[in-house]
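Working notes, beginning with the structure itself.
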Amino acid sequence: MLRKGEWVWVDSGTGVPIGARVKVTDTGHQLLVDDEGKEHKLSQKEDSIRVMHPTSVEGVDDMIRLGDLNEAGLLRNLLVRHRQGIIYTYTGSVLVAVNPYQELPLYTADQVRRYHGRRLGELPPHVFAIADTCYFNMSRHNRDQCCIISGESGAGKTESTKLVLQFLAAVSGQHSWIEQQILEANPILEAFGNAKTIRNDNSSRFGKYVEIFFNKDGVIEGARLEQYLLEKSRVCHQAMEERNYHIFYCMLTGMTTEQKKNLCLGDASEFNYLKRGDCIVCDGRDDAKDYTRIRTALKILTFTETHCWEILKLLAALLHLGNVSFEASILDNMESSDVSSSDHFTIAAKLLEVGIFPASLGVSLTYRSFMTNRERVSKPLSSEQAADCRDAFVKAIYGKLFIWIVGRINSVIHKTPTNGPKYVRNSIGLLDIFGFENFASNSFEQLCINFANEQLQQFFVRHVFKLEQEEYTKEDIVWKNITFNDNTQTLDLLVGKPLNVLALIDEESHFPKGTDVTMLNKMNQVHAKCNIYIPSKNTHDMEFGIRHFAGVVYYDSRGFLEKNRDTLSSDIIKLIDTTTNKLLRQIFETQLSIFLCFQSQGKQVSTLSGQFRQSLDSLMKALSICQPHFIRCFKPNDNKKSMCFDRDLCIRQLRYSGMIDTIRIRKLGYPIRHTFKQFLQRYRVLLKTTVCDPKTVRHYYLEYDDDDDDDKDDRDNDISLIIQRLQRGFQRLQSTIRGRLSRLHYLKELAAAVTLQSQVRGYLARKSYKSKREAVTVLQAHTRGMLARKTTNKMRTDAAAEPEPVSEQEMVETMFEFLPHKVSVGGREGPAPEGFEVMLTTNVPVELPVVEYDDEDEEFSFIKFSALHFQGSATHSHITQRLRQPLLHHEDEGDTLVSQHQASVSLRGIQSKDGIFLPLSHMQHYKLGGSNPEYILIGEGRTLDRPISDLEKLHIIVGYALSRRDIRDEIYCQIIKQLVNNKNQKSSLRGWVLLSICLGIFPPTELLIQYLESFLRRGPSSYCPYCAERLRRIVANGERGELPCWIELQAVKTKKPTQVSVALMDGLSVSLPVDSACTSAEVCQALAKKVNIKDTYGFSLYIGFYEKVWSLGSGGKHVMDAISQCEQEVRRKGEEEQHASWRLYFRKELFTPWHDSSIDAVSTDLIYRQVIRGLKSGEYHSEKEDDFVQLAAMYYYVTFGSTNSVESAKKVVGECITTELIETKSQGKWIQLVTAAHTQGPYINSRRSTDSVKGDVVDYARQKWPIFFSKFYEVTQMSGPPLSKSNFIVAINWNGISFQDEKEKKLLELPYPEVTGVNKSRYEQAIPRGQFILQSVEAGEMADLIQWYLEGLRERSVYAVALQDINRQDDPTFLSYKRGDMLVILKDGEYSPDRGWIKGTNERTGNTGAVSTDTVLVLPTLDKPSDTTLSLLNLSPDQRTVAQNAPNVFWLYYSQDSKVTLVISLVSLRQPGKEGGRGAQARGREKLWAASKEPIKQPLLKSLVGNTDLSHLASFPSPILKYMGDYPIKQVRQPIELTDQIFGAATQHVPLQDEVYCQIMRQMTSNNSRYVVDYGWQLLWLCTGLFPPSQILLKYTQRFLESRPREPLAGSKAHCSEFGRKLPPHQVEVDAIQQDSNQIFHKVHFPNDRAELFEVTSTSRIRDLVRNIAYKLILASADGYSLFMKTPNKVVSLHDQNYFFDSLRETTDQPKKTKRAREAKKGATMPYLVIFMRKLWFNVTPGRDLTADLTFHFPQELPKYLRGYHKCTKEEMTSLAGLLFRVKVDTDRSQFVMIPRMLKELVPADEMKTMSPEDWKKHIIASYNKQAGITLDEAKVAFLKGICHWPTFGCAFFEVKQTSEPSYPSIIQIAISKQGVNFINPKTKEFLVMHPFNRITNWSSGSTYFHITIGNLVKGNTLLCETSLGYKMDDLLSSYVNMYEMQRQAVRPRNNSMFPT
């Protein structure tokens, strides 16, 4: 009994039951109302009515779950969901899509994000779910995927294809230009390949297969299009209510009037080809807008304007040809035709540019030529034939044009991988091909289309049905075969059998006399008995039928052969060959070449069906290797109406789509299938054995002897055991899952409990905190009151005791009254030089501020120092009592006593009224300049019993510090203590003067120096900078050794530098400023700079005192110490110090062996003057008078030139010859000798320049008197070869080293080639004759000088001696030699000595090659060494070992732990092979774990030896050896080139990373070269910053590092990079480690023109650096900030997930990719700046974060305002201008007059002319006055507050050009902010539109374009912008969208599913 409302199935009369619902009428009768609304009476028997299953009532997502698994159930499920607006339904993994014929909100960006990463079936059915399944399977399994979208025409295949494509582009996530180019191919292909048909307004009239390529990261990197069988006939003929291809209508409506005029085009109704279907306009399509869209797409796909115009020309020519008609005529009794006279024909010929004359086109169309046996004959065509010829020509042009466009698109979007032929990338293929077609009249095109659909149906059948059942049969599963519609017979009929239909059509096409009738007859004869083929009814019937899987289709055979041949007449092809139209020739280029080839060879052209079959075969092969996914598209009705469901149409589509059989087999089958290997891997825990080899296990369980009954029993037992084991395994699996579920439940409850506990604890903590805060507030109030009262009382006391103001200058004059007002500088009496006089000024009362040190928060406060280091109860503050003990603790008792007395001197001296210091009278025996403690006598004696001078008082204090280093801090502490809080102005001033003097004599220790610097920063302005500078100078130049001299006390008095005069050898004097810490090196450098001396080496500062002159050198000796010694000598003689007559001179002291007088004319002139003066004074003497004569003759030439006169000669003799020599030999004799030498000299005739002759004088003196240009040292010989004296003088000069006694007698002379080295700590010479150990006070200076000479000579030397035998005959790169061979070094730059390799020639053999510096000794000489020297150097091996271990050669023993590397070799290294390489004989087994200079031939790791793909990439042994110096390398190679070779491949291939580690550690093991090992540590340091070793290698690497704890770099990288870097090291990293620095600081710039250094590491990511910078700047939050890199070309935002150095390298290396390799070798690095600024403007409230406002917000927003981007009122502009004016000038009202000139810095640029400058000035001044009283910072914040309410605040503005939207101006502004993307009219600044981010579907950028899509993925609005800043817009959009997505995910509820999605 049926109940009311119950659903049942009733018969519909069509064979498929329909759903109906029981209805009860008012009379109580029951009726059935079916799904179509029809009522049925219950006249039927109830047995024929079946109750509907509940799943069929409301419908289900997956039709496998239907209870009514039949056609009626499937049909109603689709009907119910269609009425609910649900168009997608699953059938297992197959998606059924019903065309809704309306727009649905299903394709937004939110939907893309919703379906991405979700499993199939987890969300409602959607095309995005299938697309994501393809993407997921491809990424996870690395297998190509394909999606086959099938269905009838109008079912929505094209739209589904586009949706899948757009989804894949969106989830790729890069918004790259290549993605946009792939998407933009669709509008072009649709325009040229789609048309309106009866069934579909956008029907694809061609098939396409789009293959999208992805890299290993799942990012789209290209695509490829394949097109199939374009319906070319549509160009000429259309059925009624159909249109031609869209491009024609779009072109005619979208082109400009000027363009249409040039092409002579009008409306579409004027052209025959466009109006034959009687349908010009298509409802729902805007052809003009589509034309704009097409032009945009062409731009994106790099079609130039020339390309576009050429395409339009061809299309216009086709339209004009369609209007050409032909007139019938009779010619020679044959039908002929002529072209009717019309403008269309002329225009077409002009556009096509064919033939020499326009008539050539007419002849080609009206005549056809062919070859007879002997000649070519021309035959006229009838008018009908001519029209057919014209149509064929038009179709051929359009078809070739379409193919050319597809090829052009492919050339843009499909790039061959540049990573090599073995580069593997995955792909997803989308097949959108014509659906099954069955029209009233079906032609050859429908046969090909339906053949393709048969192939796809077969593919679907094979995949779903056959493979399923065959798998069950193979596995012996009990299975009942399901009958399904198999179309194998149909395919056999079409292509399978030998004489199939397509083969017969091809065969007949090749016969010249073949016709459609003969073809049809053959098919009828061959296939008449086939039940699939339906022959024609009679001989006059031209139709035949084929039973397709979708039904019977009848084909009209007329025109089959012509369409299949698809050829043009030879006349047309020849005509095309004459064209000058480049595009026309280009699209027919292949056809022309084929025509010429086939014409010459007589071959047949392939037919259209043959080409189509070949393309289809390749397509099926491509699909067969992919994992397929299916989308079955259904159209609900033929009328393209929404909400209309045609049951008959839909059931027909269901039947031939195979959906019913698919559901049955999927529901009855086993959906989960594993291979045996996968099953074994998954359930291997069930095995008893650990053996998991599939072959072994399968053998063990499956091999039995079927013939043996016992074996059968055993097999049965085994099977039962296996079943039991499987049951137990499943039980364990179930228990595990239950346990996991229980644990998840427990974790949820635990989390809830923790949440509850945290809330309770938080409440209690807040309550406790509140009570404590109230208590603290009370305590603070009482404490503040107490402190305030204390401060008030102190202020009252201070006010009562405030002293009278004093004059600082008056007090200074009183303290320095012992100095005269006029001093003698340099011992010369008279008035003081300028700057030395005491400036007489009016005594103005000056009050020194009291230094208060109560700020304990300062890091180096003196308060903290006193608390840490002062003894007893001593404080940091001023006292009036004498200290009872020193402030600091002293170990030495003498220091303690001295400190106590020093305290008395300091205290009473500072407080004395008469002078600076009060002395200790017991200091009676202090020796000036002494440093021994014995001269300080402390004990019983007179104290303060006589007054002593102020100078003596000062000497006592300084003397303590000079004699006892340990009390220097004590002195400074006592002085500082007495200055802190000292309210006595005179006492405080004395203390500062004392501190100033001490700071010029001796520095404090490291313990005190930072506290002293902090103290000085808080001192009075009159002394703080002066004292700080003196402290810096004395710390930099070292302590003094003598007491202060008079002139520096004068400098302290005036606080000005002292001027000293230095005499030059040319008689001039130079005045230079010096201070107390000035050294001779500084004076020499300043003097050389002032006189412009370039060659400064060897010039020294000399001081002369009375008759003595001695050298101060050009090093660290203090000038003031030398002056002080002169003053002490004067005082010793009882004279006054200020009268000491010392002088300073600048002279040449030393020459270099490689001295060149021509380099510097100034220095040569000074040396020349010095030589002449030395001759005259007798300083330079010689036993040969000819030396004097020759030098005098040169002087004669320099002074007087070539002229000769007695007076000149007399003057020369007087200026060059000493008086003693003149007296010995008469003056006349000397004049005669000099004159003769001058006359006979070579200079007169050669006319040489005086500068060159001066150089000859210098060189003569240098060669003749090397001893006079030497440095002398007093030494004592400690050991070595015996000499006549043990105390002697060592003279060092350019010629060598000389030992002399005090009478200048030479004891020993050593040339530099015989000196092998010196020790740095003690003067120790190692020579072949023996080893001298000498002791000297200046041993360090001696050693440095000799070492400098040796290194300089070796650097310039080209001579070396071999230390060992080297035999490298097998390798011409290396030089072979024997020990003792003389080698000549070739310095051509081919090898780098720093790397341990040089190029040399063996003098014995004459061969040339690379030489290791370890095996030779480079001789320190510029001349070829003598045989004697070589014999001394050719020592025995023992002697050579001693020489090699000389102190200057740092051979350090480097301990190695070979066990670590040995263990590695046993674990993962390959087996060692036979050691080969260079050398004639093998040297035994290869040592894998020891260093070698031979590059290994194969990788170390076993895993790489057999890997051919990676083993060739492991070619970094040579680069590693080259970098470390174990292999010769050319000089031009940069370190970064080698590191790129070493680490480049490893960063891309993880298996190579362990290989890099092993090879570096191997080369560092047992390597005796310290230099090489240091470079190895550099490589290892770089390596650990790039990628970590594997887990297997990690522990060994750690042990390797731990075994070398003393290495500075061993622990520098405590942890390696967690995730590997993507690129090799950056230049900055390589430079840093090469400078032995493992800390890298990078400068980061800010928008306010500031910059700071921040530490970065190799593993620093951008986000980490951003947070670190925000933390250091004390910003409220790092959110919204980013790092940018500014290069000369652009500013790029750095992605926060990337490594810092990877980002730098990726950005700076991009331009190098386009340069040649030779340019890359130059090593030039692109300049760049790293900038930190705000990127995302959200949560920005001016005034909340002052640092952010001043550093970022104001400097970033101000330029936007001044450029005129914001829309604002006049009042706002004047108010803001007043604020900006205050920012510029602060309170300086005198700048009002400058306002007109400053307008561009105050007012927006586009608003400046709205008022006159004077009006602007008046308004700005008024605004400025209103804002009085605010600071600069407040003005900046007020500016931000004034603009923050504008909608454009925080926007990034981009001015672009657009042509996509006609309603917008051509130039618009795009403003991107946190609200979305705004389009602004730049002229009116009005908002055109604002798009929030959730409406932006897609965007991408190219080099000159930016593309954005707004709306959904189906019919979104697109905008193409021309701009070079598209990359910025792309990045900014991505950042904002990602930010909102992260916020959305943060609030999204967690997925409680057991398994992760």
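Just so it is clear, glycine is given a Cβ too, placed from its N, Cα and C backbone atoms.
Spatially close to Ala155 (ATP binding site) yet at least six residues away along the chain are Ala97, Asn99, Gly435, Cys633, Phe634, Lys635, Gln653, judged by Cβ distances under 8 angstroms. For Gly151, Glu152, Ser153, Gly154, Ala155, Gly156, Lys157, Thr158, the entry in TrEMBL reads ATP binding site.
Annotation source TrEMBL lists domain 'Myosin motor' at 58-738.
Per-residue pLDDT, averaged along the domain 'MyTH4' (878-1053), amounts to 74 for this model. Per TrEMBL, the feature domain 'MyTH4' maps to 878-1053 (among others).
Per TrEMBL, the feature domain 'FERM' maps to 1058-1389 (among others).
The domain 'SH3' annotation in TrEMBL covers 1355-1421.
Summarised by DSSP class, the composition of the domain 'MyTH4' (1491-1634) is 81 helix, 1 strand, 62 coil. What TrEMBL records for 1491-1634 (among others) is domain 'MyTH4'.
Residues or ranges marked as domain 'FERM' by TrEMBL: 1640-1944 (among others).
Among the features that TrEMBL reports, region 'Actin-binding' is placed at 616-638. As a summary of secondary structure, the region 'Actin-binding' (616-638) carries 9 helix, 8 strand, 6 coil according to DSSP.
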| note | Counting across all protein chains, other CB atoms within 10 angstroms of the CB of Gly154 (ATP binding site) number 22
| Once the chains shown are all counted, how many other Cβ atoms turn up within 10 Å of the Cβ of Lys157 (ATP binding site)? | 28
| Remaining residues near the recorded ATP site, that is with C-beta within 8 Å of the centroid of the site residues Gly151, Glu152, Ser153, Gly154, Ala155, Gly156, Lys157, Thr158 | Asn99, Asn200, Ser203, Gly435, Cys633, Lys635
| Intrachain C-beta neighbours of Thr158 (ATP binding site), sequence separation six or more, cut-off 8 angstroms | Glu190, Asn194, Asn202, Ser204, Asp432
| field | Cβ contacts of Ser153 (ATP binding site) (under 8 Å, same chain, 6 or more positions away) | value | Thr197, Arg199, Asn200, Ser203, Phe434, Gly435, Glu437
| task | Using DSSP, tally how many residues of the domain 'SH3' (1355-1421) sit in helix, strand and coil. | result | 8 helix, 26 strand, 33 coil
| note | Cβ proximity for Gly151 (ATP binding site), under 8 A, sequence spacing 6+, ordered by residue number, returns Ala97, Lys157, Gly435, Arg632, Cys633, Phe634, Lys635, Gln653, Ser657
| Spatial neighbours of Glu152 (ATP binding site) that are distant in sequence (at least 6 apart) but have CB under 8 A | Arg199, Gly435, Phe436, Glu437, Cys633, Phe634, Lys635, Gln653
